[in-house]
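*Asks:* Attaching a single structure in structure tokens format; questions to follow.
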């Protein structure tokens with residue numbers, strides 16, 4: 001090919017130079033330019049690694065892992081009530097606290113991935129721990145001695161049996177925490193963002209990634225919940241355990257096709273270096289000419305492994321002091337990283353600080369999202385769950401309509417909404433990521449309003465027919481479908497937008513950490529829900545009252561709880577508008593090391 005391009009290459013030094021340039025251009029077309037390597041630590045070949053051929057294994061892994069997670073967690077509140085003999089508030093708070101932990105532990109996995117192990121080995125290691133947790137939970141639900149004894153009066157768990165269940169649950173929380181922040185980023189790593197064609201595919205990847213999550217969730221919330229309520233908890237937890245084992249097989253099967261980003265060392269160390277250097281130089285004046293800051297103009301590549309340079313931004317100017325090179329710094333010769341930091345290092349910290357307000361606005365949304373596994377289920381437990389004369393659908397299975405909503409809206413958004421919006425906004429994504437998240441926040445309000453309205457109608461029916469002591473009222477559970485549908489639609493806008501936004505806006509060498517940070521909104525949302533339930537219960541039960549959320553919901557006011565969340569969501573949306581309006585995007589330059 002080189003001879004064809006340069007027929008006179010052997011006639012002199014000019015021909016040799018042209019030939020070498022042609023060879024280099026050919027090599028540039030073969031290998032990625034984003035710093036990724038293959039499993040043998042060689043530069044990643046575009047034709048043989050990554051792209052959709054690698055992503056099919058990642059999507060298969062995610063589908064099976066989410067089937068395992070949701071198959072175990074969707075109906076967990078009922079398991080705690082039935083087998084561990086907990087009341088409504090205790091079961092709800094236990095689930096939200098555990099679920100919250102599942103979304104806080106990603107910080108551990110993300111740190112290990114970015115600093116030391118890389119995303120591939122972090123996923124591999126924590127997957128094994130995950131399988132151990134799922135196996136122990138299955139044993140706690142099925143093995144005599146570990147399984148609580150039950151009779152006509154209910155189940156009677158011992159302290160040891162309860163402990164075994166929660167040890168298994170928190171092993172799962174640690175396992176899923178190690179995986180969760182890495183898989184979406186690992187999938188996005190399979191597309192070279194310096195290649196225009198692959199960059200467009202990456203935007204689609206996040207939609208299909210979330211689609212695969214919900215395929216697993218759909219099977220979990222329908223088939224597995226039915227098995228748990230009608231066949232037994234041993235089978236109900238055993239199938240998810242097998243699904244998790246299959247997820248591990250899926251992941252390792254694609255190893256030869258993966259592109260790997262190299263770990264860049266501890267991001268926390270780099271953050272601390274900037275803070276300490278800036279504090280040490282608090283009296284130093286930042287030059288007007290920002291090209292005088294350390295590493296602004298001299299280097300094409302960043303000094304941080306696996307990261308591009310970041311251009312200087314004018315906000316948070318105090319931190320710029322860390323990259324002011326003083327006479328004392330020059331006299332020392334070798335740079336002291338705790339006294340002088342690169343502009344890219346400073347901008348890494350600025351990027352994180354700028355993301356925090358956007359991150360915080362997702363907490364209330366996640367509290368709303370968390371109601372699907374708690375208050376929606378408890379509300380459904382009071383309604384008529386029959387389909388025909390004999391088949392009874394578990395209330396937790398109604399979450400399948402959330403899943404169906406996501407499965408409907410994810411491709412509709414990708415194939416219809418984006419092309420249509422692109423004509424008006426001229427943005428290649430249709431909506432900006434911030435606009436997309438904001439639309440989801442608005443839709444989430446409708447979910448709470450719908451749930452509250454249904455509860456008003458349900459309580460009115462109870463009062464009119466004096467059904468206060470009825471276990472189920474003759475009102476179809478399928479009236480809950482709209483509130484699940486709105487939640488699913490909101491997810492497609494907010495959660496997928498958030499996933500893509502945090503990946504794009506994160507510094508290159510901190511993408512797992514930023515993915516984990518975005519996931520902590522779900523954890524903190526669950527903790528917020530637990531806090532709200534605790535406060536509401538304490539306040540509403542004063543003076544001997546039953547409160548908003550008593551054991552018998554027919555005598556309570558669950559609608560007030562939904563109205564409260566709707567109001568919080570509206571306030572949160574207006575705060576988000578202010579945050580989004582003032583946000584400054586990162587500006588990367590050069591190429592990865």
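Glycine residues also receive a Cβ, built from the backbone N, Cα and C atoms like all the rest.
Okay, so TrEMBL annotates it like this:
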{"type": "TRANSMEM", "residues": "95-113", "note": "transmembrane segment"}
{"type": "TRANSMEM", "residues": "120-143", "note": "transmembrane segment"}
{"type": "TRANSMEM", "residues": "163-183", "note": "transmembrane segment"}
{"type": "TRANSMEM", "residues": "204-227", "note": "transmembrane segment"}
{"type": "TRANSMEM", "residues": "233-252", "note": "transmembrane segment"}
{"type": "TRANSMEM", "residues": "358-378", "note": "transmembrane segment"}
{"type": "TRANSMEM", "residues": "398-418", "note": "transmembrane segment"}
{"type": "TRANSMEM", "residues": "439-457", "note": "transmembrane segment"}
{"type": "TRANSMEM", "residues": "477-496", "note": "transmembrane segment"}
{"type": "TRANSMEM", "residues": "517-540", "note": "transmembrane segment"}
{"type": "TRANSMEM", "residues": "560-579", "note": "transmembrane segment"}
*Asks:* Within this structure, do the transmembrane segment (439-457) and the transmembrane segment (477-496) have 3 or more Cβ pairs under 8 angstroms, counting pairs 6 or more apart in sequence?
*Replies:* yes
*Asks:* List, by number or range, the same-chain residues at least 6 past the transmembrane segment (358-378) whose CB is under 8 A from its CB atoms?
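*Replies:* For the transmembrane segment (358-378), the list is 73-78, 88, 92, 95-96, 99, 103, 395-396, 398-399, 402, 434, 437, 440-441, 444, 447-448, 451, 480, 483-484, 487, 490-491, 494-495, 498, 501-502, 517-518, 520-526, 528-529, 532, 549, 553, 558, 561-562, 565, 568-569, 572, 575-576, 579-580, 583.
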*Asks:* Using a threshold of three or more Cβ pairs below 8 Å, and leaving out pairs closer than 6 in sequence, do the transmembrane segment (204-227) and the transmembrane segment (398-418) count as in contact?
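*Replies:* Yes, the transmembrane segment (398-418) and the transmembrane segment (204-227) are in contact.
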*Asks:* Tally Cβ pairs under 8 Å between the transmembrane segment (95-113) and each listed stretch (204-227, 517-540, 560-579), then give the stretch with the top tally.
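*Replies:* Looking at each of 204-227, 517-540, 560-579 in turn, the most contacts to the transmembrane segment (95-113) are made by 517-540.
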*Asks:* Counting only pairs 6 or more apart in sequence, are there at least 3 Cβ pairs under 8 Å between the transmembrane segment (560-579) and the transmembrane segment (204-227)?
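*Replies:* As far as Cβ distances go (cut-off 8 Å, pairs 6 or more apart), the transmembrane segment (560-579) and the transmembrane segment (204-227) do not touch.
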*Asks:* In terms of Cβ proximity under 8 Å, which residues at least six beyond the ends of the transmembrane segment (517-540) contact it?
*Replies:* 89, 92-93, 96-97, 99-104, 106-107, 110, 180-181, 352, 355, 359-360, 362-371, 374, 498-499, 501-502, 547-549, 557, 560-561, 564-565
*Asks:* Take the transmembrane segment (439-457) and find every residue of the same chain, 6 or more past its ends, with a Cβ under 8 Å from one of its Cβ atoms.
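*Replies:* For the transmembrane segment (439-457), the list is 361, 365, 368-369, 371, 375-376, 379, 431, 475, 479-480, 482-484, 486-487, 489-495, 497, 558-559, 562-563, 565-566, 569-570, 572-573, 576.
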